[in-house]
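Chemist: Pasting a structure below so you can have a look.
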Amino acid sequence: MKVGVPKEIKNHEYRVGLTPTAVRELVHNGHDVAVETQAGAAIGFTDDEFRTAGAEILPTAEAVFDWAEMIVKVKEPQAVERKMLKPHHTLFTYLHLAPDVAQTRDLIESGATCIAYETVTDRHGRLPLLAPMSEVAGRMSIQAGAHCLEKAQGGRGLLLGGVPGVEPAKVTVIGGGVVGQNAIAMAIGLGAEVVVLDKNIDTLRALDHQYSNRIRTVYSTRESVEQHVLEADLVIGAVLIPGAAAPKLVTAEMIKRMKPGAVLVDVAIDQGGCFETSKATTHAEPTYIIDDVVHYCVANMPGAVARTSTMALNNATLPFTLAIANKGPKQAMLDDAHLLNGLNVCKGKLTYKSVAEDQGLEFVEAKAALEQL
Ligand SMILES: NC(=O)C1=CN([C@@H]2O[C@H](COP(=O)(O)OP(=O)(O)OC[C@H]3O[C@@H](n4cnc5c(N)ncnc54)[C@H](O)[C@@H]3O)[C@@H](O)[C@H]2O)C=CC1
Ligand SMILES: CC(=O)C(=O)O
Ligand SMILES: [Mg+2]
């Protein structure tokens with residue numbers, strides 16, 4: 001198969017869809033790979049390294065899209081990229097369609113086969129292609145939050161861990177999944193007081209077992225969310241209902257009553273965000289302030305540590321990229337129900353139920369849509 005990798009064009013996005021190591025694996029399996037010039041240069045993956053791995057270097061994204069059958073990316077295709085998508089393309093990347101009406105429309109109109117990393121599943125019911133970036137974003141959320149608590153950033157002027165004789169800051173983590181667990185580990189490492197809320201009691205049980213009395217676990221309800229948001233210095237939004245728009249758990253009215261200089265880090269912003277006042281920001285301008293509360297809502301947090309993230313992402317995506325290339329998208333998805341769960345759009349049909357529900361669009365079962373491939 002002809003596998004193409006364009007350079008990412010989202011603001012401050014330096015990740016790249018394939019590492020030279022992954023290119024070498026594809027080429028070893030008999031595939032042709034083309035990479036846009038400079039696609040990995042910002043994180044030390046030079047055109048020469050890609051050539052050595054067996055890729056051809058092409059001068060523009062247009063050239064890559066024109067040549068390729070499968071496009072492997074990191075972020076959702078931007079408007080100019082969507083115009084280059086054709087019915088014969090298989091697109092393999094993050095999509096986050098639920099809150100993104102324009103992208104959903106364009107992908108349906110493109111006729112392409114669009115497989116979203118974030119809805120591919122595994123046999124434990126987890127999301128293996130989201131997990132590595134959730135690990136990164138969860139760890140970063142505390143780093144970002146600690147920075148935002150500094151006075152110059154509009155924060156309360158608090159050191160997360162306090163110092164001997166001065167109490168630490170209070171961190172409330174809403175959602176104890178992959179992002180939440182990684183945020184907790186970092187917050188504890190820095191000496192903060194930590195509360196985690198989740199609706200899944202098994203998740204709370206596992207966290208309680210892991211940390212015994214070092215953190216508090218709380219069942220998530222309207223009331224408990226309100227209490228622990230109002231008490232917090234730093235709140236991490238880390239909830240997910242797979243594929244669906246994030247629930248707005250923290251209302252604008254609650255945010256008005258938070259401590260002045262408190263900080264919200266809405267990691268769930270890529271699914272629309274779980275704070276009512278959240279709007280997506282970029283690494284160039286990551287924060288804004290509403291009602292004296294600092295909001296950090298960067299939708300591609302792992303892009304800031306792009307070399308680590310690219311390698312972590314490729315470790316997870318490579319087996320699926322190889323399966324699609326080796327078997328073709330149709331057979332690969334027929335053989336693997338977990339990969340099939342990644343199919344969001346196929347030949348003009350929307351094949352992911354919660355996206356269709358969120359946007360009031362017609363839904364077609366993924367398996368039925370595959371018959372058109
Ligand atoms: N902004 C960014 O750069 C990045 C954002 N993300 C996003 O972070 C979010 C979380 O991802 P993961 O941790 O991997 O998901 P996950 O599925 O591992 O964890 C989500 C948790 O939220 C919990 N939850 C659901 N409803 C809840 C409620 N009402 N109250 C409390 N908890 C609730 C679930 O029980 C689950 O434990 C996703 O939206 C994901 O796309 C992930 C990576 C990077
Ligand atoms: C998960 C995601 O959206 C990201 O890594 O940018
Ligand atoms: Mg994102």
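Cβ coordinates are placed from backbone N, Cα and C, and glycine is handled just like the others.
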Chemist: Can you pick which of Asp100, Asp106, Asp198, Asp335 TrEMBL lists for the same NAD(+) site as Ser134, Ser220, Val239, Leu240, Val267, Ala268, Ile269, Asp270, Val298, Ala299, Asn300, Met301?
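Modeler: Same NAD(+) site in TrEMBL: Asp198.
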Chemist: Out of the binding-site residues I have (Lys75, Ser134, Ser220, Leu240, Asp270, Ala299), which ones have their Cβ sitting under 6 Å from ligand 1?
Modeler: Ser134, Ser220, Leu240, Asp270, Ala299
Chemist: Taking Cα-Cα distance, which of the binding-site residues Ser134, Ser220, Leu240, Ala268, Met301 are within 10 Å of Lys75 (substrate binding site)?
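Modeler: Passing the 10 Å Cα cut: none.
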Chemist: Return the residues near Arg15 (substrate binding site) by Cβ distance under 8 Å, restricted to its own chain and a separation of at least 6 in sequence.
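Modeler: Once residues fewer than 6 apart are set aside, Arg15 (substrate binding site) is near Glu8, Ile43, Val74, Lys75, Pro302, Gly303, Ala306, Ser309, Thr310, Leu313.
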Chemist: When you measure from each Cβ to the nearest atom of ligand 2, which of the binding-site residues Ser134, Leu240, Ala268, Asp270, Met301 fall under 6 angstroms?
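Modeler: Listed by sequence, the hits are Asp270.
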Chemist: Quick test of your reading of the structure: among the binding-site residues Arg15, Lys75, Ser220, Leu240, Asp270, Ala299, whose CB sits under 6 A from ligand 3?
Modeler: Asp270, Ala299
